[in-house]
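Reviewing the structure listed below.
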Amino acid sequence: MRPLRPWALLLGALLGAAAAAARRYPHVAVLDGAAAYRLLWGRRGSALAFRLEVRTRGYVGFGLSAGGGMASADIVVGGVEGGRPYLQDYHTDENRVLKKDPQQDYHLEYAMENSTHTILAFSRELYTCDPNDKSITESTVRVIWAYHHKDLGEAGQNYHGSTRGTKSLRLLNPEKAEVSPASLSYFDLTNKDVPVPDKDTTYWCQMFKIPVQHEKHHVTKVEPLIQKDHENLVHHILLYQCSSNLNDSVLDYGHECYHPNMPDSFFTCETVIFAWAIGGEGFTYPPHVGLSIGTAADPQFVLMEVHYDNPTYTEGLIDNSGLRLFYTPVLRKYDAGVIEAGLWVSLFHNIPPGMPEFVSEGHCTLECLEEALGAERPSGIHVFAVLLHAHLAGRAIRMRHFRNGEEQKLLAYDEEFDFNFQEFQYLEEERTIMPGDNLITECHYSTTDRIRMTWGGLSTRNEMCLSYLLYYPRINLTRCASIPDIMEQLQFIGVKEIYRPVRTWPFIIKSPKQYKNLSFMDAMNKFKWSKSEGLSYNELVLKLPMNVRCSKTDNAEWSFQGMTAFPPEVERPYKTEPVICSSSSCLPCSLSLTLLFVVYVASSTIGNFGPVVQ
């Protein structure tokens with residue numbers, strides 16, 4: 001047999017290494033609708049490794065942007081031209097002008113090109129201390145992408161035209177242990193031909209019965225089933241456990257939630273057992289945790305609440321979206337639970353207009369956690385994932401954690417919250433919540449584009465400030481929230497007296513004269529809000545006493561429900577660790593520039609790259 005030439009052996013080894021590298025990227029996202037641009041990435045110590053697989057023989061652009069556009073973005077452009085690789089670190093200014101970075105922080109590992117595709121693999125440190133680079137954190141990031149059929153140098157900076165876009169991702173979401181759906185049974189909870197009204201916000205509720213199991217099983221994965229072309233219509237889905245005293249008669253109908261004619265059975269469904277929001281994908285439970293079904297303590301009847309967002313008032317929409325739950329008789333060690341924490345959704349939560357930033361806080365108080373955990377789990381519960389939830393005015397959300405007056409590391413955060421991308425964040429390390437701890441859901445809003453008050457409520461034009469904590473082992477605590485005192489808020493704008501007893505909602509103001517016979521909502525809108533008044537009001541509401549919500553399943557309550565509490569006094573705020581920057585380090589790589597050159601030249605003779613390019 002004729003021996004292989006050394007360069008052929010080398011080429012085979014390199015291509016094999018490239019294919020193996022593709023399998024080492026645990027995260028994958030298709031960035032465009034035509035599946036022409038595929039992003040793979042993975043954490044490598046203090047850096048992030050990327051692999052781009054794009055259907056073009058020209059340049060490929062990739063970037064990180066605060067707002068999803070080209071202005072003030074961190075960009076890298078690369079490709080293979082004439083058998084030689086190129087990869088350049090760029091940035092854009094506020095006018096979207098592309099400029100080469102003096103400090104090159106993206107490091108090429110390898111590049112390949114065939115008759116249809118270009119593959120680029122490169123890395124970058126999370127923190128470079130380059131003012132032209134965007135730090136990579138656990139927050140949402142708007143990934144921007146573009147490509148062209150020509151390389152960058154052929155005719156200057158070729159405009160990418162329509163082959164561009166943006167997608168929100170969480171690049172540092174920890175790797176999760178996937179389960180093979182083929183090995184699991186599943187059942188679907190989906191709406192059946194729901195007529196979505198031609199109004200901006202609809203909450204539709206439908207009862208379901210969990211398929212009867214004769215022994216305990218664990219749900220290990222939940223996937224959204226969103227009807228095609230309804231990805232922007234279905235804003236979120238909540239699944240509630242209902243009273244075990246119901247019977248099959250409740251299954252015959254769906255109805256608008258929170259409606260005066262809503263069926264009485266809906267009021268028995270208070271315990272959230274799963275939450276999905278727009279932009280999110282399926283959720284896989286950790287290997288040691290599952291959602292229990294099949295026992296007397298588990299949900300038999302569930303209520304699925306679907307939030308439809310129809311701002312264009314489109315008529316004739318029919319929806320069949322829902323959830324798919326995968327389950328197994330092979331039990332995990334722990335049962336999962338969900339706690340809804342934050343601000344109770346209410347008109348008592350309000351935000352003045354014209355504010356560049358306004359902060360609201362929802363408290364899961366030490367009194368509630370002391371009572372509930374002290375009775376059910378004195379050694380604490382373990383949080384493994386968090387979903388942070390707000391609406392259109394939301395800009396950032398933090399879940400703060402306090403113990404004995406000392407602030408702990410943030411439980412979860414998103415400094416670049418995207419209303420259109422809300423999913424459970426897997427925590428890098430599980431966090432223990434102990435009796436007597438405090439949790440604060442801190443939401444940052446911007447209302448610079450609004451001329452009237454923004455109110456807490458169900459519409460996406462209203463606001464929420466909530467966190468959904470996935471934890472184990474399951475205890476009898478479903479909601480841990482707060483409502484700020486409304487009367488002190490009204491005193492800020494000069495309200496002196498309201499009509500009592502309260503017979504209408506919103507209640508009516510009696511004095512002073514300028515607000516007489518106005519509802520408190522009308523009075524707040526009538527007040528002349530300035531930025532300075534808004535700042536003073538914000539300082540006030542963060543110090544107000546609050547009404548505590550501390551709920552069990554089946555509409556039961558812990559004894560502290562309805563009592564008054566005060567925000568915690570923080571003796572020792574958490575000090576973040578200093579950022580260590582690196583711009584010169586590169587991921588360990590066995591491919592030298594000389595070896596890479598062989599790949600660049602030889603790859604042009606390869607018909608395709610096998611399974612790594614689709």
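A Cβ is built for glycine as well, from the same backbone N, Cα and C atoms used for every other residue.
A 10 Å cutoff on Cβ-Cβ distances gives TYR203 (active site) a total of 19 other Cβ atoms nearby, all chains included. What Swiss-Prot records for TYR203 (among others) is active site, and it gives sequence analysis as the kind of evidence.
The active site annotation in Swiss-Prot covers HIS389 (among others). Of all the Cβ atoms in the protein chains shown, 23 others lie within 10 Å of the Cβ of HIS389 (active site).
In the three-state DSSP reading, HIS236 (Cu cation A binding site) counts as strand. The Cu cation A binding site feature in Swiss-Prot is assigned to HIS235, HIS236, HIS307; the stated evidence is similarity to another entry.
According to DSSP, HIS389 (active site) is assigned to a strand segment. Here Swiss-Prot flags HIS389, HIS391, MET464 as Cu cation B binding site.
CYS257 (disulfide bond): 19 other CB atoms within 10 A of its CB, across all protein chains. Classification of CYS257 (disulfide bond) by DSSP places it in coil, neither helical nor stranded. Among the features that Swiss-Prot reports, disulfide bond is placed at CYS205-CYS257 (among others).
What Swiss-Prot records for CYS242-CYS269 (among others) is disulfide bond. Shown in sequence order, MET207, VAL250, SER265, THR268, CYS269, PRO299, GLN300, PHE301, VAL302, LEU303 are the residues of the chain, 6+ apart in sequence, with a C-beta less than 8 angstroms from the C-beta of CYS242 (disulfide bond).
For CYS364-CYS480 (among others), the entry in Swiss-Prot reads disulfide bond. For the recorded site, CYS364 (disulfide bond), the DSSP three-state label reads strand. Shown in sequence order, ILE339, ALA341, GLY342, ASN438, LEU439, ILE440, THR441, CYS480, ALA481, SER482 are the residues of the chain, 6+ apart in sequence, with a C-beta less than 8 angstroms from the C-beta of CYS364 (disulfide bond).
Here CYS368 (disulfide bond) comes close to LEU477, CYS480, VAL548, ARG549, CYS550, TRP558, PHE560: these same-chain residues lie at least six apart in sequence, with C-beta atoms under 8 angstroms from its C-beta. The disulfide bond annotation in Swiss-Prot covers CYS368-CYS550 (among others), and the record cites similarity to another entry as its basis.
Here the Cβ of CYS443 (disulfide bond) has 29 other Cβ atoms within 10 Å, regardless of which shown protein chain they belong to. Residues or ranges marked as disulfide bond in Swiss-Prot: CYS443-CYS465 (among others).
DSSP classifies ASN114 (N-linked glycosylation site) as coil under the three-state reduction. If you look up Swiss-Prot, you'll see ASN114 (among others) marked as N-linked glycosylation site.
The local packing around ASN247 (N-linked glycosylation site), expressed as other Cβ atoms within 10 Å of its Cβ over all shown chains, amounts to 10. Per Swiss-Prot, the feature N-linked glycosylation site maps to ASN247 (among others).
Residues or ranges marked as N-linked glycosylation site in Swiss-Prot (evidence: sequence analysis): ASN476 (among others). Under the DSSP three-state reduction, ASN476 (N-linked glycosylation site) is assigned to coil, being neither helix nor strand. Around the Cβ of ASN476 (N-linked glycosylation site), the same chain contributes ALA372, GLU376, LYS552, THR553, ALA556, each under 8 angstroms and 6 or more positions distant in sequence.
Here Swiss-Prot flags ASN517 (among others) as N-linked glycosylation site, drawing on sequence analysis. Spatially close to ASN517 (N-linked glycosylation site) yet at least six residues away along the chain are ILE508, ILE509, judged by Cβ distances under 8 angstroms.
The feature signal peptide is assigned by Swiss-Prot to 1-22.
The topological domain 'Lumenal' feature in Swiss-Prot is assigned to 23-592; the stated evidence is sequence analysis.
As annotated by Swiss-Prot, transmembrane segment applies to 593-613, with the evidence given as sequence analysis.
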Within 10 angstroms of CYS257 (disulfide bond), Cα basis - binding-site residues out of HIS235, HIS236, HIS391: none
Secondary-structure category, per DSSP, in which CYS550 (disulfide bond) falls: strand
Candidate recorded positions CYS205, HIS389, HIS391, CYS465, pick with smallest Cα gap to HIS307 (Cu cation A binding site): CYS205
Local confidence of the topological domain 'Lumenal' (23-592) - pLDDT mean: 91
Assigned conformation of HIS307 (Cu cation A binding site) - DSSP reduced to three states: strand
Cβ neighbours of HIS235 (Cu cation A binding site) where a neighbour is any other Cβ within 10 Å: 22
Nearest of the recorded positions (TYR203, HIS236, HIS391) to ASN247 (N-linked glycosylation site), judged by Cα-Cα distance: TYR203
For CYS242 (disulfide bond), the three-state class that DSSP assigns: coil
